[in-house]
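Input: a single structure, listed below in structure tokens.
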Amino acid sequence: MESSKIGEPQNLPMFTKKSSITNTAMTKKGVYVAISYMACAVLLVIFNKAALSSYKFPCANVITLFQMLSSSLILYALRRWRIISFTVQDSHPVVTRTTDLVPLKTILHCTPVALSYLLYMLVSMESIRGISVPMYTTLRRTTVFFTMVAEYFLAGKKYSSYVVTCVGIIILGAFLAGARDLSYDFYSYTIVFISNITTALYLACISRIGESSGLNSFGLMWCNGIICTPILLIWTAYRGDLEATRNFPYLYTHGFQAVIFLSCALAFLLNYSVFLNTTINSALTQTVCGNLKDLFTVGFGWLVFRGLPFDLLNIFGQCLSFLGSCLYAYCKLKGI
């Protein structure tokens, strides 16, 4: 595989203030990218839930720190071995210093993406702790609405009435399911909705800044890591999370270590697929792909973790929300 094609932003629209309706069909490569994202996302939710709930690991921020560190190390090694490039031009220059990987000016340009990524990661990790996997995935579907609003104000992007109708069905189903959630917890619901807002902001920042930065997906991931990792390291040390991790009773058990290792590996693959899906397809497509994979997440979550006493309205709401996601995918494939 030619490395010039790895992570290269393609078909990224120019973000000017215009009111034309977006009408682009998904390419074959876009379909493959979307499927890869959904597979990584399902498994990552399961392993994160296992660490936070099954093992009762108290420090969600430390898991996020581990994921950032591992992603940065992987990217650094692949770049030094000249397997990947961080720029669209893909000149693969030999680097001898870390500062040669991405210019400081470009790093500063990508700061909004990195900070929105850090906020998104922290809130998303915490949001899964106190809520069942089926209801977590159902409430996360409302991210579609926030993404559409963010893209409209940041990029002047509008969608057809068919797409808007599909999004309305998704949101209606989510609220119907949540209305009869017998395990309702106000704090957990609030964190999930805040997570939806931060996700929409993050995706919109990727879509807006990605092309103008001159970096490909790997380059943007690298900027996220080197900006966010020091901030998060200081924060976790200040809060005492690092000390709590050292004293965690399951820290040296093989099962917990395997869960953390797989969580870090999947986080790297998921972050790359998020960048790729957003640049090749769109931020809204990325969000709805997250809704489509929820069917599998709900199934695995129910079988592995249980915890949600379903009733008829809850089931109907989840099915309605999933139907809306399927209808949107059809509209996108047909370019409606």
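Cβ from N, Cα, C; glycine included.
Note that TrEMBL annotation is computational and uncurated.
Taken from TrEMBL as is:
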DOMAIN    30-328  domain 'Sugar phosphate transporter'
TRANSMEM  30-47  transmembrane segment
TRANSMEM  59-78  transmembrane segment
TRANSMEM  161-179  transmembrane segment
TRANSMEM  186-209  transmembrane segment
TRANSMEM  215-238  transmembrane segment
TRANSMEM  250-270  transmembrane segment
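Within the chain carrying the transmembrane segment (161-179), a Cβ under 8 angstroms from the stretch's Cβ atoms is held by residues 135, 138-139, 141-142, 144-145, 148, 189, 284, 288, 291, 313-325, 327-328, 331-332, 336, all 6 or more beyond its ends. The stretch with the most CB contacts under 8 Å to the transmembrane segment (215-238), chosen from 30-47, 59-78, 186-209, is 59-78.
Only residues 6 or more beyond the boundaries of the transmembrane segment (59-78), in the same chain, are considered here, and those with a CB under 8 A from a CB of the stretch are 48, 51-52, 84, 98, 101, 121-122, 125-126, 129, 218, 221-222, 224-226, 228-229, 232-233, 235-236, 239, 241-242, 244-245, 248, 260, 263-265, 267-268, 271.
Model confidence over the domain 'Sugar phosphate transporter' (30-328) is summarised by a mean pLDDT of 81.
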